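Novice: Sharing the record's features from TrEMBL:
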type: ACT_SITE; residues: Cys206; note: active site, cysteine persulfide intermediate
type: BINDING; residues: Cys62, Cys65, His66, Cys98; note: heme c 1 binding site
type: BINDING; residues: Cys161, Cys164, His165, Cys206; note: heme c 2 binding site
type: BINDING; residues: Arg202; note: substrate binding site
type: DOMAIN; residues: 50-131; note: domain 'Cytochrome c'
type: DOMAIN; residues: 145-238; note: domain 'Cytochrome c'
Amino acid sequence: MTGAWRGLLPLTALLLGGADVRPTQEYLSPEIREAQEDPSRHPGWLWVEEGEALWRAGEKPCASCHGGIAGMTGVAARYPAVASDGELLDLEGRIERCRTQHQGEASFGRESEALLALTAAIALQSRGMPVAVATDGPAAPFLEEGRRFYQTRQGQLNLSCGQCHDDNAGRRLRGDVISNGLGTGYPAYRLEWNTMGSLHRRLRACSLGVRAEQFPPGSREYLTLELFLASRAKGLPIEAPGLRR
């Protein structure tokens, strides 16, 4: 991230309205934050390198339509987004659709190593850029669904997302600091997983934590929630591929 963007982050957080939403990197320990910025210390770079190879692989590779992967600059900052057929897609969903509809390939499958790798490599091209998802027009109904999910108490613990990520942001839970719950660092390498994982995997863990129903990765419930989380992060930087405890 450039020095100019770092200087703007505190002001951006204040202008987002409502809760004081801060970049997730501000909640990371100094050690994790430094490792996230250093490819030689970030295990997720193994997935990035695999993703860059996948970009060029196959009879009809991604590069045959899009050119070099650097051409994906800014793409991750705009997802989730509503496709022309009215379906809400996250970046993983967009990649899978490209494979099946334009490349004539089978889908990778959610949480597969290949999909995580290609998603990480594409997301890296937007690192440091501000989140810029569309929230009006066809996205508006999905946004409201995600907002309701975020605000609704769930599970046996009867907690909403906001009760942790707004009311208790900055406090410690099980040795970790509670952040504002943004998805800007995903896909991310989590030390507790010892591997790369998607935002939807993390959301499933949150659902499990409050003893609520866990939805499948790519479900409408998590897609709309992801859009709402991205709307909260508007103007804040993409950190993917992130490094998390």
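Using N, Cα and C of the backbone, Cβ positions are placed for all residues, glycine too.
Whatever TrEMBL says is automated annotation, not expert-curated.
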Novice: Compare the C-alpha of His66 (heme c 1 binding site) with the C-alpha of each of the recorded positions Cys161, Cys164, His165, Arg202, Cys206, and give the closest one.
Specialist: Arg202
Novice: For His165 (heme c 2 binding site), which of the recorded positions Cys62, Cys65, Cys98, Arg202, Cys206 has the nearest Cα in space?
Specialist: Cys206
Novice: Within a 10 Å radius around the Cβ, which one of these recorded positions has the most neighbouring Cβ atoms: Cys62, Cys98, Cys161, Cys164, Cys206?
Specialist: Cys62
Novice: What is the number of other Cβ atoms found within 10 Å of the Cβ of His66 (heme c 1 binding site)?
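Specialist: There are 15 such Cβ atoms around His66 (heme c 1 binding site).
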Novice: Among the recorded positions Cys62, Cys65, Cys98, Arg202, Cys206, report those whose Cα falls within 10 Å of that of Cys161 (heme c 2 binding site); none is a fine answer.
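Specialist: Of Cys62, Cys65, Cys98, Arg202, Cys206, within range: Cys206.
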Novice: Mind checking how the domain 'Cytochrome c' (50-131) divides into helix, strand and coil residues in DSSP?
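Specialist: Residue counts for the domain 'Cytochrome c' (50-131) by secondary structure: 41 helix, 6 strand, 35 coil.
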Novice: For the residue listed as 'substrate binding site', which of the binding-site residues Cys62, Cys65, Cys98, Cys164 has the nearest Cα in space?
Specialist: Cys164
Novice: Apart from Cys62, Cys65, His66, Cys98, which residues in this chain have a Cβ no more than 8 Å from the mean position of the Cβ atoms of those residues at the heme c 1 site?
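Specialist: Going along the sequence, the neighbours appear as Pro61, Ala63, Ser64, His102, Gln103.
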Novice: In whole Å, how far is Cys65 (heme c 1 binding site) from Cys164 (heme c 2 binding site) when you measure between their Cα atoms?
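Specialist: Cα-Cα, rounded: 43 Å.
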Novice: Just to be sure I understand, if DSSP states are collapsed into helix, strand and coil, how many residues of the domain 'Cytochrome c' (145-238) fall in each?
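Specialist: Result for the domain 'Cytochrome c' (145-238), in helix, strand, coil order: 36 helix, 14 strand, 44 coil.
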Novice: Among all the protein chains here, how many other CB atoms are within 10 A of the CB of Cys65 (heme c 1 binding site)?
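Specialist: Within a 10 Å radius of the Cβ of Cys65 (heme c 1 binding site) lie 11 other Cβ atoms.
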Novice: Other than Cys161, Cys164, His165, Cys206, which residues of the chain come within 8 Å of the heme c 2 site, judged by Cβ distance to the Cβ centroid of those residues?
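Specialist: Everything else in range on the chain: Tyr150, Leu159, Ser160, Gly162, Gln163, Ile178, Gly181.
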Novice: Could you give the Cα-Cα distance between the residue listed as 'active site, cysteine persulfide intermediate' and Cys98 (heme c 1 binding site), in whole Å?
Specialist: 30
